[in-house]
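TrEMBL lists 25-48, 60-78, 98-120, 140-158, 197-223, 244-261, 273-292 with the feature transmembrane segment. According to TrEMBL, the feature domain 'G-protein coupled receptors family 1 profile' maps to 41-290.
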Amino acid sequence: MQKINLSIVSEFVFVGLSDAPEIRLLLFALFLLIYLASMAGNITLLVAISTDSHLHSPMYFFLSNLALLDLLCPTITVPKMLGALLLENRAISFTGCLFQHFSFIVVVGTEIFLLAVMAYDRYVAVCHPLRYLSIVSTKLCAQLAAGTWAAGLLNALLHTSLVFTLSFCGPNKIQQYYCDIPPVLALSCSPTRSRELVILAVAGVLGSSACVATLVSYIYILLEILSRNSPGIWQKAFSTCGSHLTVVCLFYGTTICTYVRPSSTYSPRLDRVVSMLYGMLTPLLNPIIYSLRNKEVKCALKRVIMRVRNAL
């Protein structure tokens, strides 16, 4: 039998967003601005929640976890993309790609579960307002937060082990600006059909479970609103749940479009755009959505700004 020499891939190369120097510089400036604004917004939100006693409640505890995830999400992927745009250094080692992939899936998975937990928190706040603090106790908050991080970690371990135990011996150009599941699977020289089905099944079960939990919470909220039929109830409910519902629609919609579908429908250009929505714009918009829709957060932010101004 004729021997076949298979070279083992030691590094991957990201496909650039653009090869035109003037476009690369424009994209670098745009994405750097988005990244810095996202960092500033989420750090400010974290500082406001941690330093203002008015925001020491279960809702803002979960919101601080969301802000932390929104800090980590772009930090995992954007600096490498900015380096590729400015320095044309598009290569990443196999180990670096594995770590980036694992970290990103941890953050995305944790945020999916966290949004479902936040929906339950809003359900208790609307349907059981008098028993809210006794139901959503400090102990339960810690358990729910720890559970979301643990679920995100286990989910990432499963996905990373399924993807990076494959053989990579041919093309090494990733059709994405970070090490995402579909473009990395496309480079494997091993049969990937069975693993794709497992990944799709796990993502479908976990994602649909979080979506169902969120949907059920909001169905109960809607039924509670209809049963009360008191003046101003719709406005009060929207002020309580509007920010979370907006974030849920934005995040769930983009992540489901990316991961819960077969690889045969993968479109590199379209998926780069969609991944930028939840990887860059969502972390930027979340603190804006919560600060604009929430009077308590706006007041806390004003107090933080005043303290910083007085210190300077």
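Here the Cβ of each residue, glycine as well, is placed from N, Cα and C on the backbone.
Unlike curated records, TrEMBL annotations are generated automatically.
With a cut-off of 8 Å on Cβ pairs spaced 6 or more residues apart, the transmembrane segment (273-292) and the transmembrane segment (25-48) reach 3 or more such pairs and are scored as touching. The stretches the transmembrane segment (140-158) and the transmembrane segment (60-78) meet in space: the count of Cβ pairs below 8 angstroms, excluding pairs fewer than 6 apart in sequence, reaches at least three. Stretch with the largest number of CB pairs closer than 8 A to the transmembrane segment (60-78), among 25-48, 98-120, 197-223: 98-120. For the transmembrane segment (25-48), the list of distant contacts is 17-18, 55, 63-64, 67-68, 70-71, 74-75, 78-79, 81-82, 85-86, 280-281, 283-284, 286-288, 290-291, 297, 300-301, 303-304: same-chain residues at least six beyond its ends, Cβ to Cβ under 8 Å. Within the chain, the transmembrane segment (98-120) has long-range Cβ neighbours (under 8 A, six or more residues past its boundaries) at 59, 62-63, 65-66, 69-70, 72-73, 76-77, 80, 92, 144-145, 147-149, 151-153, 155-157, 159-160, 163-164, 178-181, 184, 206-207, 209-211, 213-214, 217-218, 244, 247-248, 251-252, 255, 278-279.
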